[in-house]
Amino acid sequence: MPLIALATLGGTISMAPADAGGGAVPRLGAADLLGGLGDLPMDVLAETLAGIGSASMDFATLMRCRDWGLRQDADGFVVVQGTDTLEETAYFLDLGWPSEIPVVVTGAMRNSGLFSPDGPANLRNALTVAADPRSRGRGVLVTLNDDVHAARWVRKAHSSHLDAFSSAPAGPLGMVVENAVHYFHPSPPRPPVLTGGDFGGLVPVVEAGLDDSGAVLSSVAAQPEVRGVVIAATGAGHVSSGTADVIARLVPSLPVVVASRTGAGPTLRSTYGFHGSESSLIAMGATMAGWLDARKARILLHTLLAAGAARDDIEREFRARGDLD
Ligand code: GLU
């Protein structure tokens, strides 16, 4: 039988009401979650590594989780956490996962105190995906609601539906049906592993919008801990003329990455020419995130900076990882 390592970090899947009528809090560990699944066609080595809401997830916990998973020498690795930052966890682990062994991240939208909690089915599916040899070499996968997503594309697109995760516009990689995984697409070749080192400092995301003078970006970037900034820009990578002035001033000393705030579709490179357009920001020296959204761009930029990347490396890596290939 395959051996699967299971690490739990908390989240709704591990939550139950603290007391009658109270809100849900993390209460269940790895053994509790596994105990609810009955007999399984695999051996599972389970460990509770944390019990937190995923808004409190951090790089240090995820690096501990990655190292624990690698040490188990299993056939697959399942990571359980809250859905709120699950897309960032999956992308971060995907950047730094050095092995062919599949990693599958899952969670739940309904805690165990609600009717029809989805945690048990999601966990059962994640174990199935992790144990399947066809999942090897695909990097980090995410499964919820029977869909299987690539870490590269997945995002939480609804705050409460069971069908909360989307890989728009690429679509899911596959599905779990009758306890078997079915892949619709092969995985593209994986880019080189990127693990980082010193994750100190801050890489904030600043969203562009209406009546935007650039003052927020200017004040955020002035903080001494800031090592780089991601702009969640309007449309295909556009900002106001005031924000464009601020970016022009920042770019010589601070990496500025521009992503689209739309939730799907890439930043453009050469369609518009007004001050604040994508081509004007590129001419200033800003880096475009391509198909990566601002959240993933933040994870990639922080990891690159943690690895000591120079400006040219950042530009090259965003070109390689933010593009479709
Ligand atoms: N909806 C979130 C979850 O699914 C809330 C808690 C969290 O993200 O940890 O887990």
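Just so it is clear, glycine is given a Cβ too, placed from its N, Cα and C backbone atoms.
The record from TrEMBL ties T83, D84 to substrate, and of the options S14, S54, S116, S135 it ties S54 to that site too.
Residues of the domain 'Asparaginase/glutaminase C-terminal' (204-318) grouped by DSSP class, helix first, strand second and coil last, total 45 helix, 18 strand, 52 coil.
Take the recorded positions T12, S54: by the count of other Cβ atoms within 10 Å of each Cβ, the lowest one is S54. The Cβ of D84 (substrate binding site) lies under 8 Å from the Cβ of G11, G53, S54, A55, K156, each of these being in the same chain and 6 or more residues away along the sequence.
Non-local contacts of T83 (substrate binding site) by the CB criterion (under 8 A, 6+ apart in sequence, same chain) comprise G11, T12, S54, G107, A108, M109, L144, K156, A164, F165. Those same-chain residues not listed among S54, T83, D84 yet with C-beta within 8 angstroms of the centroid of the substrate site C-beta atoms are G11, T12, G53, A55, M57, Q81, G82, T85, L86, G107, K156. As a whole number, the greatest separation of Cα atoms within the substrate-binding residue list S54, T83, D84 is 7 Å. In the three-state DSSP scheme, T12 (active site, O-isoaspartyl threonine intermediate) is classed as helix.
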